[in-house]
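According to TrEMBL, the features are:
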DOMAIN    B:85-272  domain 'ABC transmembrane type-1'
TRANSMEM  B:21-40  transmembrane segment
TRANSMEM  B:84-108  transmembrane segment
TRANSMEM  B:120-141  transmembrane segment
TRANSMEM  B:153-170  transmembrane segment
TRANSMEM  B:195-220  transmembrane segment
TRANSMEM  B:251-271  transmembrane segment
Amino acid sequence: MGVKWWWSWKLQEMKASKHSYVLLAPYMILFSMFTVIPVVISIILSFTYFNMLEFPRFIGWQNYTRLFLEDDVFLIAIKNTLLFAIITGPISYIACFVFAWIINELTPKWRAFMTLIFYAPSISGNVYFIWLMIFSGDRYGIANGLLIQWGVLLEPIQWLKTEAYIMPILILVQLWLSLGTGFLAFIAGLQTVDRTLYEAGAVDGIKNRWQELWYITLPSMRPQLMFGAVIQLTTSFAVADVSIALAGFPSVNYAAETVVTHLIDFGTTRFEMGYASAIAAVLFIIMVGTNLLVQKLLRRVGE
Amino acid sequence: MAAVATGKKRVNRSLSGSLSLFALLLVFGAFMVLPLIYAINNAFKPLDEIFMFPPTLFVRNPTFSSFTDLLNLLSDSWVPFSRYIFNTVFITGIGIIGHVLLASAAAYPLAKHKFPGKVFMFQVVVLSLMFTPAVTAIPNYMIMSWLGWIDTYWAVIIPAFAYSLGLYLMKQFMEQIPDALLEAAKIDGASEYRIFWSIVMPNVKPAWLTLIILLFQMLWGSDGNGYIYSEQLKTLHYAAGQIIQGGISRAGAGAAVALILMSVPITLFIFSQSRIIETMASSGMKE
């Protein structure tokens, strides 16, 4: 009885909101087709053996056990991705905030100029191949050339072909690229902080800019801080393009292998779609899990 | 809306603190901008300067020879270069128009209406901000091949229509439109579609611009990876990659291409900066 009543009431409500659904429909249909359904298919495929030619064959948890127990390269990929995310995630997040905060103190013209300088690398249309020229393995590369000229090196170093240097270089380049949408959101968030709060703070005995930052600015910006965290975290877990462009694919001794490059390897080179889907599922869980955790932590800040 | 700072000095600023902060800004600003300056200068270097030892940051005898080399190189290739430009402009243009229309239409009910399923739908969109497209690459390929869209522009364009960050920003921005404005229109007898088109859309112009730039960046830099195989349909970014991988013999042309690629989105950003920041001001995740 109650359920039936609830349904007829819901149905009536849905009929009344016909226009809302019509407006939503085109976007939602495409969004489902290219985001929601693919996630579901990917999770289903991860329990099968699938090579694109034969019909997928159900094999249970086999892909997952193979991934964690037998695949040495996947363990390298996980290690690299976590290292990458742990270093670039927080650093780029803090850098986004710190630079936005300093820039906010400038006059409007300088603020616009400095925003452009910091934001330019991330919008310049994936031109990270500039770094290929900088870390080129011969003496005409900027890094080698300068170090030889200064007498630090005698012979050019094959930067992107030497295991020990690959990860630090990728981290450097990723940090260079990482002041993007999150950075803009912080710049904007800082400008919306209610200015009277600062005056009130000064009256209440806030002594310097650091206290002002901690007691007024940060709490007022919590929504933007959350948004920025999601953006920075997601990008730092998804590193692949930079790795492929700079270190090659596969990289020397898998030194630059990340979860996403591993996924691309199995998905597009070896056509083991079931296995690749298991990699995608693991990545999906890691990303969403970390994001929810970080959001929970940020929600507590300043409370 | 964004309260623009007055530029008025605030109290309690120590000079040494300011100096050290601005020094920090300058050092890291240099780190951000030097590779770009190097790329710009490289494009104007004659070949002997590109391969000079020690390498130099700034060009000494600027020349346009890299650009003429690029033109010669491209006139020799069997797909005319204008075709790559057309492809990229077409993909970017249609992708942006479709995205702005669809994302705005969907954002309006999410921001201003109450209906069953609204919270769920929005939460799914927010969740999708938290993962990379790589997660869905394989099923997406399968869906594209079922639709027969492999090796067509549509495989790149149509998914861009439903890019989640755009809907998210648009919805947050639309929430600032006063309800009274919409109520007034409703009383005057305007339909929901009319309200959306004649009242909501003109009020969210700054957000359009942000969506345009975000999508421009995404589509301008896309190389159609995995979906487009015909040389005639490849994008500028793909062609640039080929030239740059050409190695030493094409170093000059590669530098010229890099400059062309990066200058377009940067120029666009310069002209739209204030509007974008206005949109981002409402970008926070509401709890």
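Numbers here mean position along the shown chain, with the first residue as 1.
Using the three backbone atoms N, Cα and C, a Cβ is placed for every residue, glycine included.
All annotation found in TrEMBL is predicted automatically rather than curated by experts.
Three or more CB pairs closer than 8 A are found between the transmembrane segment (B:153-170) and the transmembrane segment (B:84-108), so contact between the two stretches is assigned (pairs 6 or more residues apart). Highest Cβ pair count under 8 Å relative to the transmembrane segment (B:251-271), across stretches B:21-40, B:84-108, B:120-141: B:21-40. Below 8 angstroms of C-beta separation, residues 57-58, 255, 258-259, 262 of the same chain, each at least six residues beyond the ends of the transmembrane segment (B:21-40), sit close to that stretch.
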